[in-house]
Amino acid sequence: MHCHNDKCSAYPLSKGQNRTPMALLAVIVLFVVRCCSTLSAEEPLSSNEASSTDTTYGFVACVIAVLFYGSYFVPVKTVDTGDGMFFQWICCSAIWFVGLVTDTLFRPSRAHPAAMLGGALWATGNITAVPVVKFIGLGLGILLWGSSGLLIGWASSRFGWFGLNPEEVSKPIHNYCGAGLCLLSAIIFFFVKSDVQKRTSAESMPLLIDDRRLNPDSTSPSDSWVDTISPKSKRVFGCILAVFSGVLYGSSFVPVFYIKVHATTNSSMFTGSSQNEIDYCFAHYSGIFLTSTVYFLAYCAVMKNRPRIYPRAILPGFLSGLMWGLATYAWLMANYYLSAVITFPIINAGYGLVAALWGSVVFKEVKGLGNLLLFALASCVVLAGSLLTAYSKI
């Protein structure tokens, strides 16, 4: 058991499980180094010259993105993060750190500053991440925002929404069916009831403030607005917030795609911009960090310079940010080798499945035979959808 001050956390992790994120981190770092070396050494091939090696790189990048996106909330699952504002700033700081390191070591940024808008959209959606996980659980929360992000990202790429050029695939019927199955899996997952319990261990108490000395009648510092909502309202609010954040997550790459589309137009302000998504990584991450900092400062002002700070969330939050930053870098690589119309359904549906496995198998959020059967059915549907989408590219 994982204990502090003779009190055990509700969701203990074994040593092997604690090492899992670090092992995945090492794997993806090696993959990033390998792919960045390839990208730095040569120009991208035309569509007619695309080799099987490029396709392999693309699907391997998808797998890594799926594993990291689906697992990035695991480090903070056993640590109370309050209302999530402090956590989101720490997480976004780590994301920016990933962008700084990769930009410095591999591909100096050549992106238009407008790419930061996508980061701002993502950071806005990320504010709701902690409330969503507390309201409806890790598995269902990530599944819902992943599915809504899938719909927005796939549709904007496939049909040319928001001023983008429609992307063609060799087998459109398979692509439509794959995306539809991925969306259907999310609907099935919605009916899986999650059991989310509030922990009362010492980790739930912030160490840097103690309002009780100033006001004996005040509530516990750990009782943020997230913890005061009634259980019946949590599922409704959690689902709404998950869909809202998913729409913003799914739209976060739109500015990058828009810049690429208009880079070849002489009259556009984006003329001459890079056609490689990876060149926009640092600008995207900078937008995330800048926006999250603005939100955190506004939060401090609203709280009259007495924000709820949870020191035990710092290192887990930073690890979560590293995992998300590397996952997004892998996703951008997948877009480079494949296309957004292929990667969006695979990655969004895939990481939702990984998160659901964490929530149901490790954290026991799914209980009862009926829920387990629904979970198994939805898992099969999402796997079928991902495979169909991948096959539409071949």
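Placed from the backbone N, Cα and C atoms, the Cβ positions cover glycine too.
TrEMBL annotations: computationally assigned, not manually curated.
Given the structure is predicted, the values throughout are model-derived calculations rather than measurements.
As given in TrEMBL:
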- 20-36: transmembrane segment (TRANSMEM)
- 57-74: transmembrane segment (TRANSMEM)
- 86-106: transmembrane segment (TRANSMEM)
- 127-153: transmembrane segment (TRANSMEM)
- 173-192: transmembrane segment (TRANSMEM)
- 236-259: transmembrane segment (TRANSMEM)
- 282-302: transmembrane segment (TRANSMEM)
- 314-332: transmembrane segment (TRANSMEM)
- 338-360: transmembrane segment (TRANSMEM)
- 372-391: transmembrane segment (TRANSMEM)
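For the transmembrane segment (173-192), the neighbouring stretch richest in Cβ pairs under 8 Å, chosen from 282-302, 314-332, 372-391, is 372-391. Beyond its flanks by at least six residues, the transmembrane segment (86-106) meets 32, 36-37, 39-40, 76, 123, 126-127, 129-130, 281-282, 284-286, 288-289, 291-293, 295-296, 307-310, 313-314, 317-322, 324-326, 328-329 of its own chain at Cβ-Cβ distances under 8 Å. A Cβ distance under 8 Å defines the sequence-distant neighbours of the transmembrane segment (127-153), meaning residues of its chain 6+ beyond its ends; these are 69-70, 73-74, 77, 81-85, 87-88, 179, 182-183, 185-186, 189-190, 192, 194-196, 198, 226-227, 229, 234-235, 237-239, 241-247, 249-251, 253, 295, 340, 344-345, 348-349, 351-353, 355-360, 363, 365-366. Counted as Cβ pairs under 8 Å, contacts with the transmembrane segment (372-391) are highest for 338-360 among 57-74, 236-259, 314-332, 338-360. Distant neighbours of the transmembrane segment (338-360): 55, 58-59, 62-63, 65-71, 73-74, 77, 137-143, 146-147, 149-150, 153-154, 157-158, 167, 169, 175, 178-179, 182, 185-186, 189, 194, 250, 253, 257, 327, 331, 366, 372, 375, 378-379, 382-383, 385-386, 389-390, 392-393; these residues of the same chain sit at least 6 beyond its ends, with a Cβ under 8 Å from one of its Cβ atoms.
Within the chain carrying the transmembrane segment (236-259), a Cβ under 8 angstroms from the stretch's Cβ atoms is held by residues 111-112, 114-115, 117-119, 121-122, 124-129, 131-132, 134-136, 140-141, 144-153, 156-157, 162-164, 190, 229, 270, 273, 277, 280, 284, 335, 340, 344, 348, all 6 or more beyond its ends.
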